[in-house]
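**Student:** The structure's right below; bear with me while I get my questions together.
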Amino acid sequence: MYHPFSDVSAGLTRLNCARHGPDDDDNMSLKGKGKGKASAPSPSQYNENQWPPYPPPGETDLEKALRVEEEREARRVSDAIDRAIESERQAVRRRQKEETRLLLLGQSESGKSTMLKNFQLAFTPKALQAESDAWRAVIHLNLVRSVNFIIDLLSNAVASNSSPYGSSYLPHGNGHAGDTSPTVSSFAHRRLSASQQPSAEIRRYKLALSPLRQVEMILAKQLSVHDAGSQGTLPSALLSARALEVSVRGGRGWKSLLRRRAHEDVPTSNYPEELENARQILDACRADIVSLWASSGVQIGLKEEGVVLQEQSGFFLDQAARIADINYEPTFDDILKARLQTVGVEEHRLVMETAAETGQQWVFYDVGGARGQRASWVPFFDDVNAIIFLCSTAGFNEVLLEDRTVNRLLDSFNLWKTVCSSKMLGSTQFILLLNKTDILEARLKAGIQFSNYVKSYRDENDLPHVTDYLRKKFIAMHHHHSPQPRQLHVHSTCAIDIDTTSAVLMRIRDAILVTNLIATDML
Ligand SMILES: Nc1nc2c(ncn2[C@@H]2O[C@H](COP(=O)(O)OP(=O)(O)OP(=O)(O)O)[C@@H](O)[C@H]2O)c(=O)[nH]1
Ligand SMILES: [Mg+2]
């Protein structure tokens, strides 16, 4: 039955009820005097602008009874809507109390996604294990790209005589290019060798490992991979100095796509077979991959090209024999080392499996850290419990991939200042992770002087002093740029070290939970 109240908002319904009040209606229906027409409303009862008109002019007792009944029904609907809205509101409030929402921030390659994997490992290990197939595909792609990169780099270098590689590549060389300063005679000797041996070896590898192009294509297709370079985040001129980044569009679809479908009744696509093919090809190329990486000539060639693959993300060549094996299953260590650039913002909902936290939900927003990605962070500033900001301490002698004129550590400082000064994050808890301390330590031990890059640094060139300096510097910037006093926890981390990171995560968990409890007035 149509009634104007039944399809208007609860607010309007409430207005009308309030105007007369339920008792009025009841009284009127009870009091309905006589039969036939209701007494004509006095002029003061009419307001022709009032909607719906009340009571309608010339209303009969029957019409009145119907109207009153309809109004009662409308009130019931209105109350039901109010109750539903309120219970939804309470559910959202409850959910927000039960959920802990964390935003991971920091420049590209600072270790945000790796830290998220550590959280998964610590609190949802079964879920991470279930993603193992997906991570194997990423690790295989990391490996295959490194191989294809080396072959492309070295064959191009050999082909173009202008490259230093072409002049000194010794497939069976007996030293590193930097061991001795090249003399005129050694240079001449190298030029002679370069015209024959090097290209022969590389040509052999190129031929033997050519099936890996197909493997790269299959894996890239299955992961719907974007090349960072093709998205414009990596200038093409830089591609020769670095194995390509691997990235997939935000969202977790790619992982579920790659889960094993052994238990599914309906074969939905042929892609597991494609992946199996890729694994078989990789396995068949295993010995050649191992031998390529072991070749001293290749190592010299890379060195002369100024490429240190070991320092690049997603480096697995030293584990090729294990990883290219047909029976390879990724370990947690492998998963932490796998490199997959984040594009956009990924939401990861962790339903805690560990006894103390069972059932709790932690929602992580993992953002892409490259410069072109940072605009997408801001909408997530609203309504998160804590910010986990990662700074790669190894960035002190590195530059941004997307802008080779910018030092990574300086970029982290500036990013930190911007995040600290955001008013939207004024009362949000901050956690700062000084990450990649293993790489920092290795570089300091290798004699690279921190003070050469950070002019204000005057202390010892060792890990404790440098991390202490960084910690103080970040704390000072936080203090100076925060719009209001706010909690800050600082930890030094190596995100690929499961044990030490897990200890840090427990402290982060405790700090966040205590803050949440205080915020929800439960303490
Ligand atoms: N050696 C070392 N490697 C690390 C550490 N933390 C992360 N990595 C590696 O660094 C690479 C980049 O880490 P990611 O976690 O993908 O970086 P990200 O901050 O998510 O980068 P974007 O997604 O581009 O914003 C990965 O291959 C990690 O395995 C660390 O503490 N030490
Ligand atoms: Mg990432």
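Just so you know, glycine gets a Cβ as well, placed from its N, Cα and C.
What TrEMBL shows for this protein is this:
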type    : residues                                                               : note
BINDING : L336, K337, A338, R339, L340, Q341, T342, N435, K436, T437, D438, A495 : GTP binding site
BINDING : T342                                                                   : Mg(2+) binding site
REGION  : 15-61                                                                  : region 'Disordered'
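So where do these features actually land, and what's packed around them?
**Tutor:** Residue environment of T342 (GTP binding site) contains 21 other Cβ atoms, counted within 10 Å of its Cβ in all protein chains.
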**Student:** Taking only same-chain residues 6+ apart in sequence, whose CB is under 8 Å from that of A338 (GTP binding site), what do you get?
**Tutor:** W135, V138, I139, N142, G314, P330
**Student:** From L336, A338, L340, T342, D438, which binding-site residues have a C-beta atom under 6 Å away from some atom of ligand 2?
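**Tutor:** Result: T342.
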**Student:** State the count of C-beta atoms found within 10 angstroms of the C-beta of L340 (GTP binding site), not counting that atom itself.
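**Tutor:** By my count, 23.
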**Student:** Suppose we draw a 10 Å sphere around the Cβ of L336 (GTP binding site). How many other Cβ atoms does it contain, all chains included?
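**Tutor:** For L336 (GTP binding site), the 10 Å Cβ neighbour count is 21.
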**Student:** Within 10 Å of the Cβ of D438 (GTP binding site), how many other Cβ atoms can be counted across all chains shown?
**Tutor:** 17
